[in-house]
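Annotated features in TrEMBL:
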type: COMPBIAS; residues: 1-11; note: compositional bias 'Gly residues'
type: REGION; residues: 1-82; note: region 'Disordered'
type: COMPBIAS; residues: 12-21; note: compositional bias 'Basic and acidic residues'
type: COMPBIAS; residues: 50-59; note: compositional bias 'Basic and acidic residues'
type: COMPBIAS; residues: 70-80; note: compositional bias 'Basic residues'
type: ZN_FING; residues: 85-116; note: zinc finger
type: DOMAIN; residues: 85-116; note: domain 'C3H1-type'
type: REGION; residues: 206-257; note: region 'Disordered'
type: COMPBIAS; residues: 236-254; note: compositional bias 'Basic and acidic residues'
């Protein structure tokens with residue numbers, strides 16, 4: 001009897017396509033099925049197997065699995081110091097010019113100046129041409145470039161003749177700004193004025209909030225014990241504070257058309273105490289006590305973005321980098337957004353965090369996503385980004401399920417603190433004229449959805465668009481997204497609020513279904529579907545299933561590598577960085593099953609692919625869930641990996657958190 005193999009299991013009697021679909025297994029045609037490869041227990045795969053405490057499972061170039069010990073911070077610091085002092089770490093100025101005397105630090109430079117020794121041990125050049133070198137300009141990486149043999153000029157380049165590469169990327173961190181952030185010398189006048197106006201200080205709202213006020217916003221289905229459990233995930237600073245006698249409630253503050261405010265309560269107190277005479281009309285009295293604030297922009301004064309019908313590539317941590325977004329733009333993505341950046345890191349001037357804000361000129365409608373715990377942190381970050389970056393909108397993440405983010409009171413943790421959500425959105429939206437958008441999940445715990453009761457409020461607080469991921473924080477990425485609930489939220493939303501649905505869009509059929517069932521929804525955000533098949537945007541626009549060949553898929557990887565070398569550099573460090581992010585991406589792309597191999601079309605995002613043969617050797621290699629095979633694909637594009645190279649995927653996108661952990 002013919003047998004078929006289920007994903008991740010042993011052999012089983014052949015089942016019909018309907019039975020396989022019911023079990024979330026991709027119904028691959030019988031003639032393409034094969035037994036799963038036999039691997040040792042230590043072999044590395046793309047699955048989510050657990051490893052012993054303090055160890056991580058990796059794949060290496062030889063195909064053998066390794067259990068890699070995690071290193072201490074002191075050990076990592078010592079290794080970094082040794083790496084800086086190694087021969088392979090060439091001084092950038094000497095590398096550019098080819099002149100050992102060109103370094104301004106001379107003998108005090110920490111990096112290597114020995115050109116002959118470096119060239120003797122330098123890895124072999126890669127195939128292809130340098131992405132930077134041309135007749136008009138010289139490669140900025142000089143002798144360290146892995147395409148040195150293709151340079152049109154000699155090794156020795158005089159510094160005065162060197163034409164450095166002009167980066168086409170936007171939103172690069174200015175060195176003077178970085179130093180000012182390091183020293184804490186950057187001022188935030190708009191943010192400080194807005195926080196003062198709203199009665200916010202240090203992330204705490206200076207107003208009286210009773211437990212009853214919190215309960216009015218919380219979902220009625222949440223019991224009292226659950227309420228305590230929800231509030232326990234945040235620190236004491238987030239608890240409501242009583243308003244002092246001399247503090248002014250933000251809701252009693254009235255604004256005038258010229259952007260100044262007058263505090264009615266203080267005026268009346270002074271009249272009662274006899275400090276001023278009440279011999280003038282009330283309006284005249286108000287005008288004599290004015291405090292300069294940031295003019296509050298009405299929605300009609302803000303720049304608006306119409307998201308209706310647009311293909312929106314989701315902000316994707318790690319894999320949603322600039323080279324990947326360029327690939328998606330080539331396939332028809334209309335809206336792109338940078339990876340989530342932490343507010344505290346941006347305010348501290350961390351270069352690695354600011355790199356997440358970079359924008360390519362091809363990204364004509366581009367936003368950045370920030371994540372923070374408190375109104376003051378988020379508002380200052382919004383002002384900083386608004387003043388120093390070219391963006392079309394700013395998105396605040398209130399749905400990230402990652403533990404390290406939630407434990408700081410950010411991301412999904414804000415879903416349990418609606419009053420803090422209000423403070424964050426009100427404060428941030430009041431200081432910019434560009435759209436402010438918010439991304440949330442259905443709720444914190446599974447089965448306790450609450451965003452539908454906050455949709456209208458989020459608009460009134462100042463958000464121009466709301467993206468709803470149809471899962472709770474506890475679900476992470478398990479089970480299917482709840483599109484019925486997304487539709488309910490869009491029906492509750494004000495007419496002018498753009499509601500964007502997110503979750504499990506993997507074909508043009510999914511797009512059409514969700515857009516027709518949720519007529520009030522503006523668009524669908526595409527996340528993991530784009531990671532697995534970035535040509536999804538073309539399928540949606542052309543309304544067809546694309547049976548893409550392995551050669552076409554390999555050309556997409558070639559484009560990514562070329563964009564990666566332009567972004568991260570063509571030296572050895574840039575090549576290995578491009579390789580790392582390519583491998584992270586390949587840990588998603590293997591889940592794609594070609595259209596021609598399926599009994600049921602289209603493929604669903606939750607289907608587990610069984611082991612199968614492709615229509616050619618390359619397609620079979622691309623279907624492998626082994627990290628060793630992903631490394632082989634990277635070697636076809638970026639040459640041999642360094643000795644001892646290992647790789648472990650960063651994300652576990654199928655993780656489901658236990659109930660006790662939220």
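Backbone N, Cα and C atoms are what each Cβ position is placed from, and that goes for glycine too.
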Could you give me three numbers for the domain 'C3H1-type' (85-116), the DSSP helix, strand and coil residue counts? 11 helix, 2 strand, 19 coil
Summarise the compositional bias 'Basic and acidic residues' (12-21) as counts of helix, strand and coil residues per DSSP. 5 helix, 2 strand, 3 coil
DSSP on the compositional bias 'Basic residues' (70-80): how many residues come out helix, how many strand, how many coil? 8 helix, 0 strand, 3 coil
Confidence summary for the domain 'C3H1-type' (85-116), mean pLDDT rounded: 79
